[in-house]
2 protein chains.
Amino acid sequence: MKVAKFGGSSLASAAQIKRVFDIVNSDNKRKFIVVSAPGKRSGADTKVTDALIAYHKACKAQDERGIKVYQDWIVARYLEIYNELNMDSHIIEDIKENIQQLASLPIDNPYTYDTFLAAGENNNAKLIADYFSSAGLKSRYVHPADAGILVSSDPGNARLIQSSYERIKYLNDLEETLIIPGFFGVTAKGEVCTFSRGGSDITGSIIAAGVKAELYENFTDVNGIFAAHPGIVKNPVPIAELTYREMRELAYSGFSVLHDEALVPAYRAHVPLVIKNTNNPEHPGTKIVVQRETKGAPVVGIASSSNFSTLYVSKYLMNREVGFGRKVLSALENLGIRFEHMPTGIDDLSVVIRSHYLTQPVSKNLIANLIESLHPDEVNIERDFSIIMLVGEDMKEHVGVTARATAALSEKGISISMLSQGSSEVSVMFMVKEKDEKEALRAIYSAFFE
Amino acid sequence: MKVAKFGGSSLASAAQIKRVFDIVNSDNKRKFIVVSAPGKRSGADTKVTDALIAYHKACKAQDERGIKVYQDWIVARYLEIYNELNMDSHIIEDIKENIQQLASLPIDNPYTYDTFLAAGENNNAKLIADYFSSAGLKSRYVHPADAGILVSSDPGNARLIQSSYERIKYLNDLEETLIIPGFFGVTAKGEVCTFSRGGSDITGSIIAAGVKAELYENFTDVNGIFAAHPGIVKNPVPIAELTYREMRELAYSGFSVLHDEALVPAYRAHVPLVIKNTNNPEHPGTKIVVQRETKGAPVVGIASSSNFSTLYVSKYLMNREVGFGRKVLSALENLGIRFEHMPTGIDDLSVVIRSHYLTQPVSKNLIANLIESLHPDEVNIERDFSIIMLVGEDMKEHVGVTARATAALSEKGISISMLSQGSSEVSVMFMVKEKDEKEALRAIYSAFFE
């Protein structure tokens with residue numbers, strides 16, 4: 001059986017929902033359907049979720065006129081889809097009532113905001129289940145509480161309780177095609193609690209792991225993932241298959257297709273994932289697998305990401321002091337700063353940190369702490385770096401990958417501020433000045449793909 | 001004024017001591033002369049220091065015959081030099097008495113061993129001072145206690161007490177050429193306490209710092225330092241000048257000319273150091289300076305060193321756990337393991353460790369600790385790596401240094417297990433399998449120097 005998740009743009013209109021129906025209906029293995037809230041129909045449109053946020057704000061401000069405006073807009077949004085699908089069920093009354101009742105929830109309850117947000121997915125799932133059934137595919141709407149998605153009590157940042165998988169498994173016993181709203185679960189006390197935003201992908205991944213799906217299909221509005229950012233590299237090659245580790249490195253370093261967290265449940269359950277295009281379902285898309293046969297090309301993708309800084313600490317004979325590196329990391333940890341990399345020389349070390357951590361007061365504090373605890377010869381922070389990440393499972397076996405990449409940068413006269421190879425089995429990291437990021441990415445892409 | 005230190009091979013015979021006299025006498029700035037014990041005259045010879053170690057052993061074993069043999073051999077060694085120098089002073093009686101009296105020292109006293117060892121330098125200094133004076137250069141033997149070299153009470157591993165510099169300064173007020181035995185100082189209680197072995201270099205460095213010498217001349221039996229190990233690279237180019245930082249990186253990574261510790265006092269006092277050849281004093285040697293003008297060539301030297309291991313730890317989404325890297329380093333610190341490098345990937349990190357730390361039980365313990373505290377997906381230790389270190393102050397400004405080095409390795413089909421550039425401002429680190437070390441060094445040398 002397969003889990004298919006459809007994003008907001010795939011469910012923004014009646015026409016899109018009909019496509020989704022055709023996709024689901026064309027393969028009887030597509031039994032578990034996870035849906036988002038209706039997204040934008042065009043660039044200037046408003047997502048239902050964003051309207052729900054505004055609606056919540058109006059409730060908080062006791063802005064009666066605003067409340068009415070948003071209620072009407074949201075209900076109209078569902079009604080339009082309902083009408084265009086030529087539906088004829090009571091579901092639209094349910095949806096209307098549900099949207100209106102949100103206004104009477106206790107506004108100070110920490111779960112109320114999550115309940116507002118979740119209404120987008122929840123009502124869409126009800127509508128779609130009804131439509132699918134009316135169109136001839138016996139379907140059932142399943143609330144996350146009934147699906148067994150029990151989560152921690154962290155509004156806006158729910159975490160799955162591990163025992164949930166035991167209950168999710170029983171969804172296999174239901175006969176119908178199951179339509180499950182994404183993005184939220186329920187706490188032990190029955191409160192609605194959402195995952196971090198973009199969380200429908202997480203729901204799909206959880207269901208896939210729980211029912212032990214053979215495949216998790218993640219339908220979006222793109223044909224899959226490209227080997228480099230299409231905004232920087234012209235017509236980059238598409239990636240047919242990559243591993244979870246590769247995906248994780250790419251996602252981390254700038255690729256923004258699936259949220260990291262969404263990959264974990266499927267990865268841990270060894271369920272392969274495929275990213276497909278709702279508007280081009282024939283396209284094979286990009287498959288993410290636990291292991292793949294490598295096929296000669298050492299690099300599968302190249303990502304880049306800006307806004308990095310370095311903390312540099314040097315001290316003559318530093319290397320002799322057991323605990324020096326650990327003390328630097330402790331100083332960072334005490335200020336709540338996460339570090340990305342810590343390449344070290346003999347008597348110096350650099351720590352790569354995302355720039356947003358290093359506000360002026362934090363930087364000042366950090367440097368003062370380090371001077372006091374370590375008496376370094378030199379300590380400074382440098383900003384405006386970008387990271388370029390070459391990713392590929394097969395790189396380790398290929399002599400010369402780094403040689404080719406460094407030569408490409410050297411030819412363009414681009415300075416490598418930092419280079420780390422071999423720490424990770426699947427990536428090589430280059431750090432360059434932010435101003436060189438795009439040219440560096442193009443040069444390396446060209447060295448491996450052209 | 002200059003400090004000149006002469007090593008054991010420069011003082012092994014009367015002929016050598018005459019050369020040393022000529023060197024000192026030829027430049028009236030050479031006022032502070034630090035001497036080692038007589039070294040080997042030829043390959044099969046015994047160093048006086050080694051004979052003193054054997055003498056101490058015989059005393060400990062109450063081996064009367066052995067005691068006599070070593071006493072006689074050591075005294076004869078000084079006597080031979082004395083005779084060949086045609087000296088005519090009472091000093092040889094002093095030396096004889098001093099050597100013989102060692103046997104009556106309390107053998108269980110923790111400083112007795114150090115006193116035995118120091119006798120080699122101490123008596124040589126007396127002899128040389130007398131000889132220099134008799135040869136027409138007014139000289140004075142200065143015991144480290146009189147020179148103000150006050151050290152911590154750590155037999156075999158003495159550390160200079162910082163306040164010593166204040167007293168050493170007054171050596172400038174003495175008129176004669178001062179002959180100071182290297183290798184030891186005295187504790188606050190007046191006990192003889194030696195530096196770690198090879199410590200005459202340390203004494204020279206301390207005196208240079210204390211008297212604020214314009215130059216510290218370290219006379220050895222080589223013309224200076226080469227850009228690569230002459231045992232691996234055929235006829236490597238000599239290095240005319242390098243900075244303390246460069247020297248430190250090279251010494252650390254396999255160059256064995258001066259002990260690290262010996263560099264520190266001179267470095268901190270900004271005294272330049274020159275390594276010269278007693279047997280070829282016209283040769284300019286290799287100068288070690290605080291700062292140098294870089295002259296186009298980005299790489300000044302290439303060192304290599306074997307016996308490294310890597311600890312690899314990976315965990316999916318590890319990057320999100322603040323404190324992950326710090327915990328790994330704490331686990332190492334708790335086992336007393338010093339780490340060399342810690343390059344990190346997104347979800348994994350490698351720690352480079354000198355293999356001797358990782359005995360079987362320690363490795364087992366370390367891995368068990370990490371599994372328990374971090375629940376990693378994977379943790380393992382790999383052995384038999386070597387490090388190749390490219391060193392040069394000017395590398396940072398040169399685009400393409402890494403490109404050239406990686407291309408050289410790639411051409412030879414040598415895999416780079418790890419590469420770290422940019423963490424240190426003066427070095428690039430390559431890790432290769434131990435079996436590839438020599439070929440890798442030759443390939444990189446050839447890329448930069450041929």
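The backbone N, Cα and C atoms fix where each Cβ goes, and this holds for glycine too.
Automated prediction, rather than curation, is the source of TrEMBL annotations.
Sequence annotations record features per position, and here TrEMBL assigns ATP binding site to A:Lys5, A:Phe6, A:Gly7, A:Gly8, A:Thr220, A:Asp221. According to TrEMBL, the feature substrate binding site maps to A:Thr49, A:Glu121. The feature domain 'ACT' is assigned by TrEMBL to A:390-450.
Features per TrEMBL, on structure.
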residue  : record                 : Cβ contacts under 8 Å, 6 or more apart
A:Lys5   : ATP binding site       : A:Ile33, A:Val34, A:Val35, A:Ser36, A:Gly182, A:Ser200, A:Asp201, A:Thr203, A:Gly204, A:Tyr216, A:Glu217, A:Asn218, A:Phe219
A:Phe6   : ATP binding site       : A:Val20, A:Ile33, A:Val34, A:Val35, A:Ser36, A:Phe219, A:Thr278
A:Gly7   : ATP binding site       : A:Ser36, A:Gly39, A:Ser200, A:Asn218, A:Phe219, A:Thr220, A:Asp221, A:Thr278
A:Gly8   : ATP binding site       : A:Ser36, A:Ala37, A:Pro38, A:Gly39, A:Lys40, A:Lys47, A:Val48, A:Thr49
A:Glu121 : substrate binding site : A:Val35, A:Ser36, A:Ala37, A:Pro181, A:Gly182, A:Phe183, A:Phe184, A:Ser200
Inside 8 A of the center formed by the CB atoms of A:Lys5, A:Phe6, A:Gly7, A:Gly8, A:Thr220, A:Asp221, which other residues of the chain have their CB, for the recorded ATP site?
A:Ser9, A:Ser10, A:Leu11, A:Ser36, A:Gly39, A:Ser200, A:Asn218, A:Phe219, A:Thr278
Where A:Lys5 (ATP binding site) sits in the secondary structure, as DSSP reduces it to three classes:
strand
Secondary structure tally of the domain 'ACT' (A:390-450) (DSSP, helix then strand then coil):
30 helix, 13 strand, 18 coil
Compute all pairwise C-alpha distances among A:Lys5, A:Phe6, A:Gly7, A:Gly8, A:Thr220, A:Asp221, the residues listed as binding ATP, and give the largest one in whole angstrom.
12
Can you see whether DSSP assigns A:Glu121 (substrate binding site) to helix, strand or coil?
helix
Any idea what DSSP makes of A:Asp221 (ATP binding site), helix, strand or coil?
coil
